[in-house]
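Just below is one structure, and these are the notes that go with it.
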Amino acid sequence: MLKKSVKIGESELSIEVGRLAKQADGSVVVRYGDTMLLVTAVSAREKKDIDFLPLTVEYQEKLYSAGRIPGSYFKREGRLTEKETLASRLVDRSCRPLFPEGYAYETQIIASVISSDPENEGDIHGITGASAALWVSDIPFDGPIAGIRVGRVGGQLVANPTAKQREQSDLDLVMAVSRKAIVMVEGGAEEVSEADMVAALDFGFTTAQPALDLQDELRRELNKQVRSFEKPAAVDEGLRAKVRELAMDGIKAGYGIKEKGARYEALGKTKKEALAKLKEQLGDGYTPLVEKHAKAVVEDLKYEHMREMTVNGGRIGDRGHDVVRSITCEVGVLPRTHGSAVFTRGETQALVVTTLGTSDDEQRLEMLGGMAFKRFMLHYNFPPFSVNETKPLRGPGRREVGHGALAERALRNMVPKSESFPYTVRLVSDILESNGSSSMASVCGGTLALMDAGVPLKAPVAGIAMGLVKEGDKIAILSDILGDEDHLGDMDFKVCGTSKGITSIQMDIKITGLTTEIMSRALEQARQGRLHILGEMLKTLAESRKEISQYAPRITTIQIRPEFIKNVIGPGGKVIKDIIARTGAAINIEDSGRVDIASANGEAVKAAIAMIQALTREAEIGKIYTGTVRKIAEFGAFVELFPGTDGLIHISELSDKRVKSVSDVLNEGDEVLVKVVSIDKTGKIRLSRKEAMAERAAQQGAAAGEAAAQPAPAPTQPDAKA
């Protein structure tokens, strides 16, 4: 067994090899604080006949790691949660680019959280563990890499912040770094500037380097030899030259077409004609392998031409590198929804709809630390018709979950807190057309749909997808990339934010040598594009509507004293159920005494509030009330002023005359006028009937005197005709 440790942030990171899961090709236990992950890597020995890497990553949180039993009927973990899916994507995006080209062997990485420290999240250590498991195995992998989280508390950057620090942080970045470069970035922020974001990236890159040293030390001591594997047969240079001659002119012409459908049709026709001519030229020499290589060459030529065109100032449709496609926005397009918008940018279109609900509609999440509740959700859907394809409709895939999370993170901090806006908010983004940047269209459409619904956003948010291509000393930064440009770049990144700063960012960086200056330039160009998009959006709707939809529930919040909660709920919930049944309003009561009353009918809300206030009224000294006698005693009578609130009338306070027996004046069930004389520290209320009667008599006497003092009305004049 080997174990290496180093301190990163406030805790020690250790990687252990050779104790658990020894039959896997690579297996490590990563520990940070009391959080531990078992990460394994296994790669098949038999190659698949495919042209991509068949990599599967599964990040799973075992509930036993936090001493909990699953709450499901079967009492065991089920399918991956959204959180686990997102963590799996982080590991996948970090590791996938580092496998050798042409490696077509089925590979699986499983990262299992086996001990959970509530102060230290496991996702970033899944990245480090996956790299370590691959690095100590014989699987070909161009590592190592390490995961790190960067926060900012009180203006100071923090590595791997604790849960408490994350609550105070205005930045939450997850990064994967290698020796030479940042590989992957995913994170959210509270309107952080571009300069501060670059500083955070630099900090994370430097701070994570010791985790790479650990992995290198383990690899050296284990001295594992990397396995050999069958590489794809090299393409004959003569064949490459023939295909270039047959296809290159058509490829150049195709990429000059602006419209996506026509461009794809032209490029498809070029490929088909080139293969037909090649078959005619080669005759019997045109084998299935030759055809496969020829098709690969066509794709290589498309990639080559696109990059060459880009670094030399060109672009599909002759668009400038910093030019955003034409934008149209519509709001209020669906009359019965609470808020809706259609955002169209070029050939990408999103229909985004807002639904407002009560706290009962919050999403319940079973987490390692217990149950959690989520009041803002964004769900992203990518139907096949959006790209003119036919596929069966299934549940959301990992890509849809990831895109939805990116857009949700962009908007989350701009949605007001429940104290000022007590609604659960669900956004649904249905992509109707797609030609790049659909997740960013969801952000822009989401902002408009929220504003249309009357959600008082702190600031509107827009998003833009960017690309960066570097060939030698030539650098091209592309704003608002198309689908064809998405995979061509050396850095693909998406930036969302307000006019003030960044709220969400996602980067995948494929090369080394990107300096701070280049990244600053790229983020500045993204900022300019974002501001342009915001300007176009605000032409349609400049601010949130003042009123929510007539079809949305009206939620009114009142505060009662916590000790009165039992009065409102009643035995077995009898009282609150009766209020709900009689008014039709939804009612939620929190332990703090906060009460949310919701209904689309304003009168129902008023009625429910009146009933709750009647149950939670407090007696005030000096005020007169009509109460009900509940109990007679020798020394006085107990009177219920309102439900749950009783007071005592001492026998001496029943009348201004001497009373021998309380029952001579009052009986149980009688209604009686009383005045609150005092309330002691324990809440006991002393009442007086005689003071109430005297005060009421004085008021009536004063009113009678005022009436007598009024001048008599003038006599009616007799009719002139009489």
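FYI, residue positions are counted from 1 along the chain as it appears here.
In case you wondered, yes, glycine gets a Cβ from its N, Cα and C as well.
Annotation comment: Swiss-Prot describes ASP486, ASP492 as Mg(2+) binding site. DSSP assigns ASP492 (Mg(2+) binding site) to a strand segment in the three-state reduction.
Among the features that Swiss-Prot reports, domain 'KH' is placed at 553-612, with the record citing sequence analysis. Per-residue confidence over the domain 'KH' (553-612) averages out at a pLDDT of 91.
Annotation source Swiss-Prot lists domain 'S1 motif' at 622-690, citing sequence analysis.
The region 'Disordered' annotation in Swiss-Prot covers 696-722.
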DSSP-derived helix, strand and coil totals, residue by residue, for the domain 'KH' (553-612): 32 helix, 16 strand, 12 coil
Summary of DSSP states over the domain 'S1 motif' (622-690), given as helix, strand and coil counts: 8 helix, 36 strand, 25 coil
ASP486 (Mg(2+) binding site): secondary structure state under DSSP, collapsed to three categories: helix
Residues satisfying Cβ distance under 8 Å from ASP486 (Mg(2+) binding site), sequence separation of at least 6: GLY436, ALA465, GLY467, ASP492
